Each structure stands twice: as C-alpha cells, then as structure tokens.
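Colleague: Supplied in structure tokens, the structure appears directly below.
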Amino acid sequence: MGAMLSRPQRSFNPPVSPEVRLRFSADGKRCDAAAGGFERSAQRAGEILDAGGSWRLTGPAGSGVSTVLVECVAESLRRGVRADEVCFLTPSKEAAARVQAAVGARIASGVGADVQVAVGVQSVHSFAFSIVRAAAVRAAHADGSDGGMLPRLITGAEQDAVIRELLLGHHEQGGAYWPEEQRPALELVGFARALRDFLLRALERGVGPEELKALGQRWGIELWSAAGLFLEEYERTMELSGARRLNASELVTAALQALNADPVLLDQLRAQSRLFVLDDAQNVDPQTARLCALFVDSADCAVIAGDPEQAVFGFRGASEDFLLHHPVAHECRLDASLRVMTSREIVVADSVAAQSSAVADVVRREHLLGGRPWEDIAVIVRGAGEVEPMRRVLLGAGVPVSLDPTAVVLSEEHIVQAVLLAVRAARAGAVVPLGGQGAAVLEPLSRSEVVQLASGPVGGADPVVLRRVLRGVRKAELMRARAAGQGIGRRAVDCLAELLNCGQEAVLGLDALRDVLSERELAVLQRIVDVVSAGREAVQRGESVEMVLWEVWRTTGLSDHLAAVSLRGGAAGSQADRDLDAMLALFDAAGDWVERRPSASIDSFVSHIMEQQLPTGMRDRRGQVPQAVNVLTAHACAGREWGAVVVAGVQEGSWPAAAEAGTLFLQERLVDLLDEGIEPDTFISRAAERLVSERRLLGVALSRAVDRVWLTCVDAPDAAEAAEPSRFVDDVASAWGVTPVRVSMRDGDAQAQAVGGLRVLSVPGFVAELRRAVCDQSTPMGLRRQAARQLARLATAGVYGAHPGQWWGVHGPSSQSQLEAPGRPVMVNPSRFEQALGCPLRSVVSRWDPDDEPGFYQQRGIILHAFSEAVAAFEAVRAEQEADPDASAQPVDVAAGLAEAREMVVEAIDAITPTVSAQANRVRAQWRAAVERTQQWTVSRSANLDLVATELPVRHVVGRVAERDVIIKGRVDRIDATREQPRRLVIADLKTSNTAANKVDAAQNPQLMAYQMAVREQLGEDIAEAQLVYPVVENKQAAVREQPPLDESMRRGLRLVFDDVAESLLGPDAEAFAIDQSLCDTCAAKVMCPVNPEGKAVTDVH
C-alpha cells in the first residue's frame, strides 16, 4: 500500500494525449543464461562448424539450443559462407519470424561491419512452397509456356469453407457416397472439421485419393473410402479455380514429388545449402522429415535440433522420430537449463471468479511493483475457448492484452462484422450492372443486424441512445401511417432496415426523422446513412472490392480514432490495436481475393469472409512487439519465452483433456497403419499416451518462464459446476517443493475483487478499498481519516470515483416531489390497478417508460378486440333487420360482412406473424381458431343478451388522496343486459392469453372489480356478473370465468384500496414486491429494483 501511495499522482491519470515512445526494434534475444552463457554457445557453435557433417543437438527448455543455432549462423557467415547458402528451417512461420529477428540482431551486434546480410529463416512449408514454385517455373520454361498454373497457397480458413460447401451439397443431394449413418451429419461443422483433420493427416503422409479408397476397401472402413472419393472431388474443384491451390499439408508432398521428378533442381538446392539447420525438429511430420533428410545428408554442416520432451503436436501428425532416430555423425546434448528461476507459485482458488481476479492481480503487481514490461508477461490457458474469457478479465482490470494476430477469425471480429454489415446494406440498395465472376446473392440486413450496426463501431449508439432512436423512429412511422390511413404502421427496426437497405427509396426517410430525434440521436443515424451511402455509390460506380471497402472504412472515421486510442496504450489501446489489425487483415484478404479473381464482385467477397470459421492466417505487420500481455494457448506458446508466466485453469477434465481427437474417421488408426504398420483392427489403448502428451504440454507451458511462474487452478467441489484441480498440480507442487496457496473472494464480495486478503492492484480496486474504509462505520476513526485524505489526493489528481460527488447515494434523492403536478387528479386504469396491487414499482416505471411499439401478442390482441366489436355490430344489424325486415330498402348481407371481416382479420394476423419463427404455422393456426371462437362467443352472447355498448369509455371518481381526486379511467370491452326485468348488466373483458385464470382467481380479479364499480356508478344500473373471456385457449369454445357482483361492503373496501394504490402511484416513493418471478424477469424496473439482484447494485449504495 505504501509503495502505491508514494507514486506520483499523475501515474493514476489517463493520458490526455497519445504518448508515443520510440525504441530500436532489434532488441536482440534476451540473455537467459548465467554469466558466460553466450560465450559457451559461441564455443559450441564453433565446434559444430569445425567438425562439420550432420549433428543432433538436443536440450531442455532454457538450455540454449536455439542460441547455439543462431551462433552457428553468425559464425558461418563470419567464416565466409554466403547468406543464401544458409538454410534455416522452423516448423511454423511464427517461429521463423522470431528466429529471423534473433539472427538479425546477432549478426548486427556480433558480426557488425564485416558482414551486412540478411539470412532468410523459413518455415518448412515456406521452404516447400519455394521448391514447388521453382519446379513449376522450370517446367514452364522447358515447355515454352508462360507458367499459367503456378501454385498458390490456400489458407486453412478457405479450405474449411470449401469443404463445408461441398458437404452441404452432398447433404442436399441425399448423402452422395457417404455411409448411411453419417449422412445426417454432413451439414454439421464438426463433421467438416473432422474430415479436414483426417485428410490433412493423410496428405502429410503422401496418401492421395486412390490410396485412401484402396485402404478403405481393404480394411472394410467405409468412411476411409468415402473420404478418398471426397478428396478426389475436392482436388477437381480446386483445379477449376484456375490455379494450382495447395494447402500446407499438400505442399510438402508436392515438393517431394517435384524433387523426385527434377534431380537437377535437387542438386541445385543441395549445393545452395552449405549450412542446413532445422529447429524444433520434434514438431515435424513424417513427410517433412523426408524432405529435410534430402538436405541433412548433403550439407557441409547440418544440425537437427529440438527437445523430445516438447513434442506436443502429435494431434497434427508431428512426431519426434526424425529428431531421435535420423542417422547423424555427431550428437550434442545440453543437459542443464541456464535459466535462474526466482519464484514458482501455485494458487488454488475457491471459484472461477477468484481465480480470474488472482490472475489479474498477479499480472498487475508484476508490472506495477515489479517493473516488468507488459510484453514480458504471458498468461497461458489450455484451449482456444479460454482465451477470450481471460482476455475480457484482464481488460476489465486495466491490463492491455495482445493476441496472436494469425489466430484471428475475421468473421468473428466485431469491427469486421460492422464494416461488412455496412457493405451488405450498401449492396442491397445499389443498382449495379449484371455480370462479374463469383457473384453471390447477399440478403438485406435483418432486424438484429440493423440493431448490431447501429450499436456497433459504425453507429456508436449505446443502449440508451439506441432505445431513444427506435422510439423516435417509431413515433415518426406512427404519424406517417396514421396520415396515410395505414393503421399502426411498422416496427421501428423495420423502418431502419428499409432506410439502410433501400436508401432514398425508403418510405420513411432521414428528413422525416429530424423533428422527432435529438441531435445526438440523429447523429447516429446520419453516420450510418453516410457510411452506407458511400459504399452504395462506390458499388454503383463499379469500383473494385478493395475500393468499396475503402469508401466504407474511410467514411466511418474510425481510422484516426483507433490510431489515437492505440497510441495511448493501456487496455483500450490493446483493443484498438486488435481492431486495426483486423481491418488490415480484411484489406489483405480483399487484395488477395481480387488478385485471384479480378472480376469478382463485392457480394462474393463478403460471402467468402463470412463463411470462414477458422483463423484466417493474416499477415503480421507489427513492426515491434506490442506493449501488452500475451494471452495464448499452451500449444501456441511452444518455442517462446517471457520473464513472467501465469499458467491458468489447470483443471481436471481440461488438463489432461478428456476428449480424443479423430475418433469419427479413426484417424489414429490410419496414422498407426501408415507410420508403424499396425493394422486398423488391432486394439490399442491410448490413455497412457495421451496422458504423457498432456503432461508434456503442461511442462512446455510452465517452462516458458525465465524468472517467475505461477500455476493457477480452481478447487470448488460444491459449486454449481464442480471444479477440481488437475492431477498434475500435486506433481508440480512436489517437483517445485512448494505448498499451494489458497485464495478466495473476501466476504463473498465478488465486486470488491478481493483475493486472499489482497485486492486486485488496479485504480478502481484501490479507490473502492478507500471508499469502503471511509463509509464503514466499524472501521477505526484513524483509518477512516487516513482513507479520506488519500481519496482527497486522488480526487485532486483527477481519478474518477475518488470524489464524493461521484458516489451513488451521497446526495440523496434528486427530487422528493410527487409524480403528478399539484391539483391534478390521479388517474387509475383498471389494468394498471391490478398491476399496482402486485408491485407498485413496476406500475410506476411502466407508466413513465411505456413501450411505444405494440408487441407481437399485443397487436393480435388489438386485432381480436376489433373483430369482436365488428361481430357485435353485425349482430346488432341482424337483430334490427329481423325485428323489422321492411325498415331498410337495402338490407345488409350480415353473413357476407362477417365472412369479409373474418378474412381481413386472418390476413392481418398472418401478416404480423414472424415468418422466421419455428412455430409460425402452429401460431397462425392457433389464432385462426381464436378468431372462430371469438365469433361463436359473440354470436351466442347476442342471442341471449341485449348489447348495451362495446369499448365503452368509463371515468368515475372513486376516492381522494393528498387533496386530489382518484379517478377510474378506462374502456370496457363489452357490456350486455339481461332480458329479465329489472334488467342487470353483464360485463365482459376479452383476454388474449394462452391460459385461463382459475375460478377462484377470476372471482377475485381486481381489474373486473374496478370495471364493476365504474360501470355501476356511471350507468346507474345493477351488475349481474362480470366475465373474463379467453378465446385463444384451445377449447371447443371460448373459456369463460365469472365474477359475482360486488355488494356495498365490497365496494366500500374497494374504494379504500383505490386510495392506497393511488397514493403509491403518486410517489415519490414506490414499494417493490417479488410476487411472480416470471414478471420480475421481464420487468423494466429490475435494474433499479431492490428485490432483484441486478437492482441491488443501484439501491445498495453503502
């Protein structure tokens, strides 16, 4: 605490303007070793080069294997080997980029002015691609052609989309050649992913369509044969694209085939590889091993390096066999790690929330108190599904977060979705000439997509502003519809959708909204319309895909804004970085798309992006490491290192993982058959093998730390979702010689973010601690005064939340005046009277927060009431005509009129029924039956009773409170009179709910009682009974529930109840009751209701 208070006050302030810090990008590799570590690495590199030949270099994490390899490159260059005669390969492009930076830094610092070169470090797939392309160029020159079928690389996301599209076609055609039991799964994403993984494992081992079909037939495995047929179809589809498109697995096989077919090319490449280096050889597949073996055996000096204990990519087909068993002339084992760990800790939390806060606290303390840069800290989780939740936790604690840009799924990025929605809206309203390859039909924006566009980065509307916009649009539409005689008009979101999709042809244009929207609300719509209009104009001009995207992006104005936020750093800056990276990747994808398909339309590109469900593999354009904490999976952290590492979520069930990969296609049996010659029908238990792999993976994650490492888990056996620490935790604790530390949320207060007695070291958490000390009466006065002094210092420094003026509840209510102006009566609607008896707060809030748009069922209720009124009118006409047939020269055809009215009502109900509803047909049938029951009930009622009035307005004074009249005001659906003398009145209230009240509840229904009192006092006649009528309840006829007439004592008691209700509605205080949880869940007041968990955050201010 003292360390934090002694810091300058300005450290708590957000930067007013972007803070730009420039630094040299080639920082070089961190010196993890003890004194002399690099010298020993240089010495070993010299020994390897002196001896020459082939070498096997192994060692655990931190032993300096990669450093020795870098020294080999630097020393060979110093000895005169040209840069293009060095071939340095890694299993992945990310690892190649890291090694490239290390080699460049080492050359710049060690070799200096003597050698000014750049050594190309490649991934094995990049190396294979260069071979395939070189072979294609040589073949084209030999044939005298222009090399039109040069190979192109297809990304995993593109391949996944093609596979899913082909499988969807098979599903629509009845299953094609797939086994009967698998056909229902052809349209599922999981089936496509399983098939893709299976095909990749086969291609990595050089198995093509014919071999797969033969293996399936030989061993009686239908899925293998079907997969072979599919691979054959897939390859033919790829040939139709106009280029030879290969995925990463096909590249290595194609490279081997090219070298076998062109020995001259092989000799040339061998001659260029005097120094051949393969790092992380434990992570290469057998086919890659065959390719590398061609160069290991011919190079002047070749080094195969790696660590078999870090072989964690077996699920991708990797094997450590090449590292361990390929014949070499020399071996070198680096036994000891050169890292000096200063701290190892195991944290066991009692809940997921406590673990999240513990991770955030560790990260913040390591940065703020330990002085460690954000980028030198990593949080490692088991799987990809845990990355986003951990990212949100850290961002919420004010920690900047960086994710691997190459692992981003473009279609899932928020800003990309917003831009593509704008493009779709632009395309929907544009008039473009026919033509263009790869055309696709884009659907206009749906209601939910319109809301998403308005509330996303393009519109920028928060929930409050969005609600006001919708209300304003609804108001303008209601005025337009009434003026045009079109009833209640359309929903607000439908009007917005038309405005965006149709542009100037929209019925309700932007000009019509200027009088009903505020400046802030109009700005939201204006911004969206401008963005969509810019895209629409670009489409109509026939601009390219890239230019359409650029016009939309430029008009949003987000580029400068995000750049400024990015430069400020912090949590917001890291999110801005991610958004900018995503947009760069989108433009890269557009450029690649246009390059491959020059005549492609914007429609096909948008469909192409939205269909992708795997990481796009975007280019990493970052010039330096982002100043943010890395959050990544255990597999993604292989080959990397940070000063401080937190391995989070080491739970039983996820670490080790319980799931087995590739079971549908018997993938592991195929691998065993091809690699080991084990027949598929031989049973092999893989439990022990998977356990070893999972243990290795945890070891890899824990070994990424140079100085400090934490392992966290949750032990909550009694939680709703029981959580148990992994079986590996005890093993790690024993190996480290530490005792796990148990942490929990202090006093169960999750909002306080207290972990193990230490609050998350963040500005909001620190301010909350001081505020709690000041407000807590049980805190000693000395501590309260000290906390108040520190809050004053923070408030002076401009820290939000430190000044009492920013605290909830300090100033008391903003107003104590009643809700009605002095002297005005209190109007109580009978339906509101019933609602207020259940919960006064709900009734008050619903009055001041009305729903301007009739809901789905409310609209049908209005239609059903109108139909009942129409039937009553026709029945009255029928009665008059039957009583005096000669009274009218042109009698009304009542039957035809009723039929026409019924047809109009059915059409109206069908029109407002959502067509996308899964139960749309059932709902339509239900309400058609309700129309029939309404007519039957009305006709039968007219036969037994005399109609008095329909939709009768009632208004009567029933009491007086606070020097105001209490008035019942409402409309009665229908009033009839008995034919006996003296006649008495029968009140009917039409209900459109799907269930009817029971007889007891109907007899005590407050709304009916209110109608009884109002009608009796206004018309001056006795009541026979009141009825609740339910025509929607599925029955032969409408369900009817009766309420007996009120006697004088009941009316006197009801008047007193009206006075109490009127007083509660008058305010300023309103009580809240949790009468019905289903009503509480949909109540507009739940965010401020003291009986609702969501409202306690507002009402419990102390």
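One is the number of the first residue shown, and numbering goes on along the chain from there.
Using N, Cα and C of the backbone, Cβ positions are placed for all residues, glycine too.
Note that the structure is predicted; figures quoted are calculated from it, not measured.
Annotations for this protein, taken from TrEMBL, read as follows:
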{"type": "BINDING", "residues": "Gly59, Pro60, Ala61, Gly62, Ser63, Gly64, Val65, Ser66", "note": "ATP binding site"}
{"type": "DOMAIN", "residues": "38-357", "note": "domain 'UvrD-like helicase ATP-binding'"}
{"type": "DOMAIN", "residues": "313-639", "note": "domain 'UvrD-like helicase C-terminal'"}
Colleague: What mean pLDDT does the predicted model reach across the domain 'UvrD-like helicase C-terminal' (313-639)?
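Modeller: Within the domain 'UvrD-like helicase C-terminal' (313-639), the model's average pLDDT equals 84.
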Colleague: Counting across all protein chains present, how many other Cβ atoms fall within 10 Å of the Cβ of Ser66 (ATP binding site)?
Modeller: 24
Colleague: Counting other CB atoms within 10 A of each CB, which of the binding-site residues Gly59, Pro60, Gly62 comes out lowest?
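Modeller: If we count Cβ atoms within 10 Å for the binding-site residues Gly59, Pro60, Gly62, the smallest count is at Pro60.
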Colleague: Within the same chain, and leaving aside Gly59, Pro60, Ala61, Gly62, Ser63, Gly64, Val65, Ser66, name every residue whose CB is within 8 angstroms of the centroid of the CB atoms belonging to the recorded ATP site, in sequence order.
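Modeller: Not counting the recorded site residues, we get Thr67, Asp307, Leu334, Ser337, Leu338.
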Colleague: Give the number of CB atoms, excluding that of Val65 (ATP binding site) itself, located within 10 Å of its CB.
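Modeller: There are 23 such Cβ atoms around Val65 (ATP binding site).
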Colleague: Could you list the residues of the same chain, at least six apart in sequence, whose Cβ is under 8 A from the Cβ of Ser63 (ATP binding site)?
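Modeller: Same-chain residues close to Ser63 (ATP binding site) (Cβ under 8 Å, separated by 6 or more) are Leu334, Asp335, Ala336, Ser337, Leu338.
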